[in-house]
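Novice: After the structure tokens below, expect a handful of questions from me.
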Amino acid sequence: MQADLQESEKESDKDMIDLFEREDRLMDVGNIQMEPCILVGVEDLSYHRLSGEEKFSLDLENQFSLDESLSEMRELTTTAGLKIIEEVTQRLNEPNPRTYIGTGKTKEIAAVCERTGVCTVVFDAELSPRQLKHLENVFGETKGFRYADSESAIKVIDRTALILDIFAQHAKTKEGQLQVELALHTYRAPRLTKLWSHLERQSGAGGVGLRGPGERQLEIDKRLLRDKINGLKKQINEVQKQRDLHRRGRDNLGLPVVALVGYTNAGKSTMLNHLTKAGVMAEDILFATLDPTTRRVKLPGLKTHPEVLLTDTVGFIQKLPTQLVAAFRATLEEVKSADILVHVMDASNPIWRKQEAAVMEVLSDIGCGDKPILKVFNKIDLVEDGTKVVRDGAALMGGNVVAVSSKTGEGMTDFVASMERTMEGLLVPIEVVIPYSRGEEINLIHEVGAVDFVDYIEEGTMIYGKVPLALANRLKEFEVGGAGVEEVEEEKGGETEEEYWKRVAKKR
């Protein structure tokens, strides 16, 4: 019996591989040259309500309209390799629990499929497994539209599946691929029934210690998928441990970490390339960057911190799939560990304000809403009046706002000056005496800090200045008043700190 079950699970594993390959063909639309599709735009008026109450995650003025969201979906479908043949739209007070859209609109789309011969329907919404199944069944009943190896002739792709497919195309590193694979399997798990109905067979006899007689193939497949998801989570956790090690190594450098964040296609990678010549892929497409890139860069004009670590991160988007937020936890840690966030916005996009609000919502969700943020309008070369853009942006958002062109270099001097002002707030004062045997610490203070006074006494080099908090913590053992520097305290007598250091400076 045990052997029978093991043999059954081997067959099941092969079936799973075959079915995953088939599912990949359904999902990986990007590998098909310009696959024709019908785009369905839906404005769900209940989307931002929480638990039926009149609460909104964004202010009404910052919500994407039907046309604005549809425009974004056109870019997403193009990035995925789809060609839109026709568009259908509908406004809903509440989604239909079976088909999401209304019955009449469902029939209309089925008729369009029959008339145009298109076999792919893309929804600008996240559909439940039940809704996906019902829609494919309804569309599949259209005469002459049945595949030989499929229940339904029509393939339905929702917004989440489309974004996951784009992520799968652009993930280049092992970490990125693991995270995308986890998100894909998490998305697919509750949607297995529509693919596995032809495998509803009994799987061998039962016995003591087994799951019981007659376990259905679908149950085995779901169990295998759960094991796959758990395995991916373990691998990603190992990757995160490696990231933590790298992060601790970066902390030892004492350099401030600056993370570039923003809406997808706002120009973050182009900006990183301009500042560092890193050669990161920077294309005019959505989600061109998935894997974070960090570069050590010396920015001309920076005095407080001549060198910083710049990190490019994955772009955000409205209605970001929850599977991606969970799967990309390790990558988002790069944002959480940054000292400063540079929020890059596309000044040429007429709905930049709504994109800015969507990014701020995601930052708040991952616990980064209180970090120092420098707002940067990018692509200023595509705007007629850049001064007006900055003025309007500052009035709406407040705080520090600058305008640049990552393509031409315009405004970069202002950007560096704003960065300087922002980083000044990150420094903490230190009063230390560094032993002469620890010259590397003195060099580091000069590299990443602002030194006001230096003196050379018997115990070592006395320094008064400001450094990043991480370095200040590292230098605590050398603080004035600590072990071995009592003489310094005695020399100060009743003077204030400022009076003492001024006297030291005069001696020099």
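Cβ from N, Cα, C; glycine included.
Because the structure is a prediction, the values reported are computed rather than measured.
Taken from TrEMBL, the feature GTP binding site covers 262-269, 287-291, 312-315, 378-381, 405-407. What TrEMBL records for Ser269, Thr289 is Mg(2+) binding site. Feature annotation from TrEMBL assigns coiled coil to 215-242. Per TrEMBL, the feature compositional bias 'Basic and acidic residues' maps to 491-502. Positions annotated as domain 'Hflx-type G' by TrEMBL: 256-427. Feature annotation from TrEMBL assigns region 'Disordered' to 489-508.
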Novice: Any idea what DSSP makes of Gly262 (GTP binding site), helix, strand or coil?
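Specialist: DSSP call for Gly262 (GTP binding site): strand.
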Novice: Could you tell me which three-state DSSP class Lys268 (GTP binding site) falls into?
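Specialist: Once the DSSP labels are grouped into three classes, Lys268 (GTP binding site) ends up as helix.
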Novice: Cα-Cα separation of Ser269 (Mg(2+) binding site) and Val314 (GTP binding site), in Å?
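Specialist: So the alpha carbons of Ser269 (Mg(2+) binding site) and Val314 (GTP binding site) sit roughly 10 Å from each other.
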Novice: Using a 10 Å radius around each Cβ and all protein chains in view, which of these binding-site residues has the most neighbours: Lys268, Lys379?
Specialist: Lys268
Novice: Which residues of the same chain, at least 6 positions away in sequence, have a Cβ lying under 8 Å from the Cβ of Gly262 (GTP binding site)?
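Specialist: Listed in sequence order: Lys268, Gly315, Phe316, His343, Val344, Met345, Val359.
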Novice: So for Ser405 (GTP binding site), how many other CB atoms are inside 10 Å of its CB?
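Specialist: So the number of other Cβ atoms within 10 Å of Ser405 (GTP binding site) is 22.
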Novice: How does the model score the domain 'Hflx-type G' (256-427) in terms of mean pLDDT?
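Specialist: For the domain 'Hflx-type G' (256-427), the model's average pLDDT rounds to 79.
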Novice: Starting from the Cβ of Val314 (GTP binding site), draw a 10 Å sphere and report how many other Cβ atoms land inside it.
Specialist: 25
